[in-house]
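Student: Positions annotated as active site, nucleophile by Swiss-Prot: C83. The active site annotation in Swiss-Prot covers H188, E190 and is backed by sequence analysis. Per Swiss-Prot, domain 'Glutamine amidotransferase type-1' is recorded for 5-213.
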Amino acid sequence: MKAVRLAVIDYDAGNLHSACKGLERAGAEVQLVTEPAGLAAFDGLVLPGDGAFDPAMQQLRARGFGEAIRQAIERQQPFLGICIGLQVLFEDSEEGTEPGLGIVPGRVQRFRPEPGLRIPHMGWNQLHLTQPDSPLWAGIPEQSWVYFVHSYHAVPKDPSWVVATTQHGSQTCVAAIARGTLFATQFHPEKSGPVGLKILQNFVEFVARRLPAAGA
């Protein structure tokens, strides 16, 4: 079977190396890309990263990736966002003043303070699969443990975007969104052990199913 070729977008955000290694373990051929030229030639795109909303958006726009990502999603090129790569898909964030990509209507909000609640939400937590038939969740049991690091969480205007949630204190927050060929996780699958590797494999296999058959 032809290897799935994924472009991992390098926009000076953290955690790119771990994401690349995770995707390679999941069976993909991975290339870091620093400019948008040629993105359409890849089988899928991945936008990982740690960090704050405003610097992420500034770097994406400065490198020309903002419009390129929108165009890729419009042409139904498979896309996986991770952590800040999920948040920048939204319209804006309470963390800063930069506009987001606006692909998903809604905004990113800070966790409300609660007695005894630690912010950031950091460490292992369980997934509630609100759409268990999503391609991301093939072979993933309800209440699987995955790894989070974030102080802000996305709130889509249309709840049908949400394919998994998690609980932090009394607050239910988005753990993953998906629609069509767009997928994004607030947690870090590349840091989530065997469950995370399976989720990355599910994305790679989703991309592979869309490739032309050999000899076609």
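Using the three backbone atoms N, Cα and C, a Cβ is placed for every residue, glycine included.
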Student: Within 10 Å of the Cβ of E190 (active site), how many other Cβ atoms can be counted across all chains shown?
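Tutor: A count of 27.
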Student: Let's check the environment of H188 (active site): how many other CB atoms sit within 10 Å of its CB?
Tutor: 21
Student: Please report the distance from the Cα of the residue listed as 'active site, nucleophile' to the Cα of E190 (active site), rounded to the nearest angstrom.
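Tutor: Given the Cα positions, the residue listed as 'active site, nucleophile' is 11 Å from E190 (active site).
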